[in-house]
Amino acid sequence: MGMLVDGVWHDVWYDMKESNGQFKRQPSQFRNWVTADGAAGPTGSGGFQAEPGRYHLYVSLACPWAHRTLIFRKLKKLEELISVSVVDPLMVENGWEFKIGDGATGDHLFGAATLWQIYVKANPHYFGRVTVPVLWDKKTGTIVNNESAEIIRMFNNAFNGLTGSEVDFYPEDLRADIDAMNAMIYDTVNNGVYKAGFATAQEAYAENVGELFETLDSLDERLGKGRYLFGDRQTEADWRLFTTLVRFDAVYVGHFKCNIRRIADYRHLPGYMRDLYQTAGVAETVNLNHIKQHYYRSHKTINPTGIVPVGPALDLDSPHGRAKPYAA
Ligand SMILES: N[C@@H](CCC(=O)N[C@@H](CS)C(=O)NCC(=O)O)C(=O)O
């Protein structure tokens, strides 16, 4: 684990002294958008037109943020258009590394050894953390964007003219509600588990765990009234929640000490999670081995022995029971 300082790699853990033991996630720095016609998106500059074969995704199968982009690539029929390289699950002194085997693919574009080398290709003076996912432009040789929330928005619509995909996970009439739901889920659930797990002060940990379970309790209640977060319409908000839920009992309960309840203990969340998991194509994006290997072996300050727990036994393929009574 480390960061780049003026393009030079340094092996350093998160500095939390300034923040009273609270984990603060750094904003992503590459913020251009791929658009249908190459016009600039909401941030950054233009010149990144949706074209088959032009873009490449760098992901970790362990990472919940990168996982969103893989799900959207699958559901939006982008597999033929956007290629992917998968990093090794272990992230230690060199950060994310490229190795081949057991689901890790190596770097298909440059044969690089580490992800930081890709960041330096895009910006030789890059200063900051080296995170997945990364959306790379083969044509101009740079990183278009390294913010998963934005990459999934691009995938949702920029390539529709090429794929013919019409499914819309961010429909106009629900946008404000989806944004509000995302904000709550991001802060207290997606990032909430990290804020609990990386906390180095008891109070910071307890506060974040409390907020996390308050949100999970309220979501469980909401999911008693509809199949998805917005009734019978599957949206971006469901997929953003899913990537944390599917890691929860295997990793966050033990490794991040988010252990007031398991997802399995809830009434509606387990079936909801399996429903999403069983959506065509999604199971192939879930790699519980990478997930467990990454967290338990990479965070030496949390789990110094690097022992990976054998359990829990999860059955994501069992019937989800969610299609009724919610179907109209
Ligand atoms: N805001 C980013 C966050 C991505 C992120 O933090 N990824 C983690 C893996 S789960 C990472 O690569 N961390 C490396 C580091 O912080 O040094 C996004 O959603 O794309």
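Every residue, even glycine, has its Cβ placed from backbone N, Cα and C.
Around the Cβ of CYS63 (active site, nucleophile), 25 further Cβ atoms fall within 10 Å across all displayed protein chains. The active site, nucleophile annotation in TrEMBL covers CYS63.
Residues or ranges marked as glutathione binding site by TrEMBL: TRP96, ARG129, VAL130, THR131, VAL132, GLU147, SER148. The secondary structure of THR131 (glutathione binding site), as reduced to three states from DSSP, is coil rather than helix or strand. The Cβ of THR131 (glutathione binding site) has 23 neighbouring Cβ atoms from other residues within 10 Å, across all protein chains displayed.
As annotated by TrEMBL, domain 'GST C-terminal' applies to 171-295.
DSSP assigns TYR194 (active site, proton donor/acceptor) to a helical segment in the three-state reduction. As annotated by TrEMBL, active site, proton donor/acceptor applies to TYR194.
Summarising the annotation, TrEMBL assigns site 'Lowers pKa of active site Cys' to TYR252 (among others). Taking a C-beta cut-off of under 8 Å and a sequence gap of six or more, TYR252 (site 'Lowers pKa of active site Cys') has these contacts in its own chain: VAL193, ALA196, GLY197, THR244, CYS258.
If you draw a 10 Å sphere around the CB of TYR295 (site 'Lowers pKa of active site Cys'), it holds 24 other CB atoms from the protein chains shown. The site 'Lowers pKa of active site Cys' feature in TrEMBL is assigned to TYR295 (among others).
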From CYS63, TRP96, VAL130, VAL132, GLU147, the recorded positions whose CA lies within 10 Å of that of TYR295 (site 'Lowers pKa of active site Cys'): CYS63
Recorded positions close to ligand 1 - of CYS63, THR131, VAL132, GLU147, SER148, TYR194, only those whose C-beta is under 6 Å away: CYS63, THR131, VAL132, GLU147, SER148
Secondary-structure category, per DSSP, in which TRP96 (glutathione binding site) falls: strand
Nonlocal neighbours by CB distance (under 8 Å) for ARG129 (glutathione binding site), same chain, sequence gap 6 or more: MET3, LEU4, GLN26
